[in-house]
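For reference, TrEMBL has these:
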| type | residues | note |
| --- | --- | --- |
| BINDING | Asp29, Gly30, Asp76 | Mg(2+) 1 binding site |
| BINDING | Asp29, Asp76 | Mg(2+) 2 binding site |
| BINDING | Asp29, Gly30, Arg31, Asn32, Phe33, His34, Ser75, Asp76 | GTP binding site |
| DOMAIN | 6-135 | domain 'tRNAHis guanylyltransferase catalytic' |
| DOMAIN | 138-244 | domain 'Thg1 C-terminal' |
Amino acid sequence: MAKSKYEYVKKFEQNDQCLMNCWIVIRIDGRNFHRFSDGHGFEKPNDQRALQLMNKCAETVMKEFTDIVIAYGQSDEYSLVFKRSTTQFSRRASKLVTNVVTLFSSSYVFYWNQFFPTQELLYPPMFDGRVVLYPSEKNLRDYMSWRQADCHINNLYNTCFWCLVKQSGLTAEEAEERLNGTVSSDKNELLFSVFNMNYNNLPQIYRKGSVLVWERVCDINDKVQEENARKPKRQIVVHHTDIVGDTFWSEHPEILDN
Ligand code: DGT
Ligand code: MG
Ligand code: MG
Ligand code: MG
Ligand code: MG
């Protein structure tokens, strides 16, 4: 059939196919969650409900796009990593990022009530999204380490900040002033000596963030246990663990070599 005379406009579209052989990382981040978390009464510095809702959204995205081999989340952000060899959406960056970020956002609204049964959702939340390609194992691991280090640095700072404000009655400015120029060991010491808090005993989810991976798990509740043991199901498992060192990666070799 003859093409319409309008067909040529298609050629204006840009080819945004991601370079082959690279891991495709989609990082999403809540827009102005400073305001959103205040407006919705998030607990400071960490709100369990908000973090669990973020995890639920990431799990929903992973179940839809099963080429995502690992996802890492902290605060209002999530990084979702498509396997190196993915052909999802012909590796088109705009398709990948828009589908991931819209499913994440709609899930955030869809599941809101499950996690905040007594807090009305006051306005529609927004998330931005970007695509970053990593060509080597080292680059990908360094990326993941960067996000987890960010989680640690922010959480240590925020924990100190809110102790100074909530327990010592400092103003935000005074707390900021007090923490200005301190290094990690100073902050640990402050928490320990002034607030009787051992930072390392805080919940792992706050200090390490959340790591979602596919694992073969035997469901012990399943009636056909024996058969199940032979054919374990692929399930998403949430870890709050270190992903900077080698241990996690050697326990999950399939993430890096697919
Ligand atoms: P952006 O991303 O440039 O649009 O602006 P924000 O405000 O989203 O800034 P960002 O993403 O750098 O920082 C995340 C904000 O979200 C930060 O102000 C604290 C807030 N937030 C995230 N998780 C929690 C939480 O569990 N509790 C509370 N109270 N706030 C949180
Ligand atoms: Mg930001
Ligand atoms: Mg944000
Ligand atoms: Mg953020
Ligand atoms: Mg269509």
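Don't overthink the numbers, they just go from 1 along the chain as shown.
Quick reminder: no glycine exception, Cβ is built from N, Cα and C everywhere.
Positions of the features from TrEMBL, shown on the structure.
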| residue | record | contacts (Cβ under 8 Å, 6+ apart) |
| --- | --- | --- |
| Asp29 | Mg(2+) 1 binding site | Asp76, Glu77, Phe127, Asp128 |
| Gly30 | Mg(2+) 1 binding site | Phe36, Asp76, Glu77, Pro125, Met126, Phe127 |
| Arg31 | GTP binding site | Pro125, Met126, Phe127, Asp128 |
| Asn32 | GTP binding site | Met126 |
| Phe33 | GTP binding site | Ser75, Asp76, Pro125 |
| His34 | GTP binding site | none |
Completion exercise
Residues sitting within 8 A of the centre of the Asp29, Gly30, Arg31, Asn32, Phe33, His34, Ser75, Asp76 CB atoms (GTP site), not counting those, run Phe36, Ser37, Glu77, Phe127
Completion exercise
the domain 'tRNAHis guanylyltransferase catalytic' (6-135) resolves under DSSP into 56 helix, 31 strand, 43 coil
Exercise for the section: For the domain 'Thg1 C-terminal' (138-244), give the DSSP counts of helix residues, strand residues and coil residues. Expected result: 63 helix, 15 strand, 29 coil
Practice task
Compute the average pLDDT of the predicted model within the domain 'tRNAHis guanylyltransferase catalytic' (6-135).
Solution key: 98
Exercise for the section: Output: those binding-site residues from His34, Ser75, Asp76 whose CB lies less than 6 Å from an atom of ligand 3, in sequence order; none if no residue fits. Expected result: Asp76
Problem - Number of Cβ atoms other than its own within 10 Å, given for Asp76 (Mg(2+) 1 binding site) - result: 20
Exercise for the section: Taking the Cβ of Ser75 (GTP binding site) as the centre, count every other Cβ atom within 10 Å, in any protein chain shown. Expected result: 21
Practice task
Just the binding-site residues from Arg31, Asn32, Asp76 whose C-beta lies under 6 Å from any atom of ligand 4, please, or none if there are none.
Solution key: Asp76
Handout entry: Sequence-ordered binding-site residues from Asp29, Gly30, Arg31, Asp76 with Cβ under 6 Å of an atom of ligand 2
Key = Asp29
